[in-house]
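Student: My questions all concern the structure below.
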Amino acid sequence: MSKDFILAVDQGTTSSRAIIFDKKGNIRKIAQKEFTQIYPKSGWVEHDAMEIWGTQSGVMREALEFGRVKPDQIAAIGITNQRETVVVWDKETGDPVYNAIVWQCRRTSSICDEIKRDPQFVKYIKENTGLVVDAYFSGTKVKWILDNVEGAREKANAGKLLMGTIDTWLIWNLTRGKVHATDYSNASRTMLFNINSLEWDKKILDYLNIPESMLPEVKNSSEVFGVTDSHTLGGAEIPIAGVAGDQHAALFGHCCFEKGMAKNTYGTGCFALMNVGDKPVYSDEGLLTTIAWAENGKPTYALEGSVFIAGAVIQWIRDGLGLVRSAEDSEYYATKIDSTNGVYLVPAFVGLGTPYWDMYARGTIVGITRDTKREHIIRAALEAIAYQAKDVLECMKEDTGLDLAGLRVDGGAVQNNFLMQFQSDILQSEISKPKINEITGLGAVFLAGLAVGFWKDKQELKSILTTEKVFEPQKDSQAVAHDYRGWKKAVERSKAWAEC
């Protein structure tokens, strides 16, 4: 049977998805299922790792069935995943010892504060992992599990526990425990991986008291990791041939193969990445240095700005405040008024990411008067997404010395034309939206397809992408500067709110 399709496994923060692509990049079928968000305490966020696997395996089978594609027609599987979220499980039983601790979770802030008391070690972490010390990353989450789950430390020291980011957890289950591996992009998000020597950093592991025996093998982003177990997908042994964290996969899906090319993904969070080539660039502006992907043992590096809350603020005004009935309604209400009338909403629900890195910042609405209506709050929530993206992209310009020559965008929120136009205005730059909005999944299948020869080279990948719409700035630079000053003032009000 001919291998006409590639399956993207897209495991996100709020849902598990499976997308079947053909050779022209067309989508044959998408299946999606949401799963439970667990909030045990304020600032804590967890997922049930078994529910993640259950929903993910379920949507894979659903996509094949309703897409009328047989497992034998799948040339390869590409995995892309929510990053930093980490699972620790029993090597023998495959059972997690605790829920997955999600990237948004702030429970390890006190551990990070302890690390920050040693400036030399903080410097070592930045220079060798490319990251800042923050509860966002996997390393301190693993330490917390080992220190707080009964018996976990003893089992880990005895070599009985394994850890991994979500890609590793899925690969383990897809292969029924035959493969314990991750890729360079996901490894670079743990705060445990040395992006210069390209190996797990023993000094950091020792500091956090994490046994190296727990850690997965690190492989190229485009490489055959193994094959699915015959019991997993209808008896077929399908190569798992592409793996990348969601934002890295999106950069690859946008075909940002050249140095200086950038993209922004608008999902639960908001993430901008710029390809900086084959050597890491370290930021003075609060950006992260990360591995975008690796091929043949050679990494491509990127600068990244991470915004914790983007699309999630629209979920909040829908579910938490009841201001809209659907996310789509937000555009309607935002366009009923000409401005926010001086209202700013800073969605620092779990702190602030780039460039502020304030774990203790909290959400703030400022500028409210007796005339403030729900439309102003809704519009301010949308504008906050664009302002946060501008914060990040301004830092990239400072670190690289490059002006932003257009931005490629993807994610659910790019369907909101008001947001995209406001983003173009506030950046004073062109915004390009591709016809294929499933860029993250596309990046995963591009990586997998190259590994198995489904596509011959990157030039062929570029021919698959086409632009749907280009947004041009419609607001003058002086007005933009005035509005942005207001945003920066609002951010200052939100800082250090939850500090002990």
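From the backbone N, Cα and C atoms, a Cβ is placed for every residue, glycine too.
Taken from Swiss-Prot, the feature sn-glycerol 3-phosphate binding site covers Thr13, Arg83, Glu84, Tyr136, Asp246. Among the features that Swiss-Prot reports, ATP binding site is placed at Thr13, Thr14, Ser15, Thr268, Gly311, Gln315, Gly412. Taken from Swiss-Prot, the feature ADP binding site applies to Thr13, Arg17, Thr268, Gly311, Gly412, Asn416, supported by sequence analysis. What Swiss-Prot records for Arg83, Glu84, Tyr136, Asp246, Gln247 is glycerol binding site, and it gives sequence analysis as the kind of evidence.
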Student: Could you tell me the C-alpha distance between Asp246 (sn-glycerol 3-phosphate binding site) and Ser15 (ATP binding site) in angstrom, no decimals?
Tutor: 13
Student: Neighbour count first, Cβ atoms within 10 Å, every protein chain included; then name which of Gly311, Gly412 tops the list of binding-site residues.
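Tutor: Output for this query is Gly311.
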Student: For the recorded sn-glycerol 3-phosphate site formed by Thr13, Arg83, Glu84, Tyr136, Asp246, which further same-chain residues have Cβ atoms within 8 Å of the site's Cβ center?
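Tutor: Going along the sequence, the neighbours appear as Gln82, Thr85, Val102, Trp103, Arg189, Gly245, Gln247, Gly269.
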Student: Under a criterion of Cβ-Cβ distance under 8 Å and sequence separation of at least 6, what residues of the same chain contact Arg83 (sn-glycerol 3-phosphate binding site)?
Tutor: Trp103, Thr165, Ile166, Ser185, Asn186, Arg189, Gly245, Asp246, Gln247
Student: Within the chain of Thr14 (ATP binding site), which residues six or more apart in sequence place their C-beta under 8 angstroms from its C-beta?
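Tutor: Sequence-distant Cβ neighbours: Glu34, Phe35, Gln37, Thr268.
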Student: Would you identify the secondary structure of Thr268 (ATP binding site) according to DSSP, in three states?
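Tutor: Where Thr268 (ATP binding site) sits, the three-state DSSP reduction gives coil.
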Student: Work out how many Å separate Asn416 (ADP binding site) and Gly311 (ATP binding site) at their Cα atoms, rounded off.
Tutor: 11
Student: I need the CA-to-CA distance for Thr13 (sn-glycerol 3-phosphate binding site) versus Gly412 (ATP binding site), whole Å please.
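Tutor: Cα of Thr13 (sn-glycerol 3-phosphate binding site) to Cα of Gly412 (ATP binding site) measures 13 Å after rounding.
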Student: Counting other Cβ atoms within 10 Å of each residue's Cβ, which of the binding-site residues Arg17, Gln247 comes out lowest?
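Tutor: Arg17, out of the binding-site residues Arg17, Gln247, has the fewest neighbouring Cβ atoms within 10 Å.
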Student: Can you check which residues sit near Ser15 (ATP binding site), meaning Cβ under 8 Å from its Cβ, same chain, 6 or more apart in sequence, and list them in order?
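Tutor: Spatial neighbours, sequence-distant, of Ser15 (ATP binding site): Gln32, Lys33, Glu34, Phe35, Thr55.
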Student: Which residues of the same chain, at least 6 positions away in sequence, have a Cβ lying under 8 Å from the Cβ of Tyr136 (sn-glycerol 3-phosphate binding site)?
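Tutor: Looking at Cβ-Cβ distances below 8 Å from Tyr136 (sn-glycerol 3-phosphate binding site), excluding near sequence neighbours, one finds Glu84, Trp103, Ser306, Phe308, Gly353.
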